[in-house]
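Take a look at the structure set out below.
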Amino acid sequence: MNHLIILVVAAVFLGMASAEDVFHKRFTVSCLCASDGPSVHGNKLTGTVAVGGCNPGWHKCNTEHNVLYECCKKN
């Protein structure tokens with residue numbers, strides 16, 4: 001019985017982790033990092049908009065100061 005509970009908890013945990021990855025891939029907005037160049041024409045937007053600030057493991061990648069969001073790039 002204990003093995004079954006552990007198996008169910010592990011399956012739920014793995015399901016939540018993969019659901020978070022899917023959400024991040026589908027619902028992200030790209031932004032222009034300082035390393036992308038002076039304009040968006042022909043350049044890839046390598047940053048991701050993060051509401052309220054960059055998440056752990058990410059860093060702010062431009063020089064703009066916004067109250068609601070930051071342009072972040074994964075370390």
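A Cβ is built for glycine as well, from the same backbone N, Cα and C atoms used for every other residue.
Listed in Swiss-Prot for this protein:
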DISULFID  Cys31-Cys71  disulfide bond
DISULFID  Cys33-Cys61  disulfide bond
DISULFID  Cys54-Cys72  disulfide bond
SIGNAL    1-19  signal peptide
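For the pair formed by Cys33 (disulfide bond) and Cys54 (disulfide bond), distance between Cα atoms is given as 13 Å, rounded to the nearest Å. With respect to Cys54 (disulfide bond), the closest of these disulfide-bonded residues in Cα terms is Cys71, chosen from Cys31, Cys61, Cys71. In terms of local Cβ density within 10 Å, Cys71 ranks first among the disulfide-bonded residues Cys33, Cys54, Cys71.
In this structure the alpha carbons, written CA, of Cys71 (disulfide bond) and Cys61 (disulfide bond) are 6 Å apart.
Within the same chain, residues at least 6 positions away in sequence whose Cβ sits under 8 Å from that of Cys61 (disulfide bond) are Cys33, Ala34, Ser35, Thr46, Gly47, Cys71, Cys72, Lys73. Listed in sequence order, Leu45, Gly47, Thr48, Val49, Asn62, Cys71 are the same-chain residues at least 6 apart in sequence whose CB falls under 8 Å from the CB of Cys31 (disulfide bond). Secondary structure at Cys31 (disulfide bond), taken from DSSP and collapsed to helix, strand or coil, is strand.
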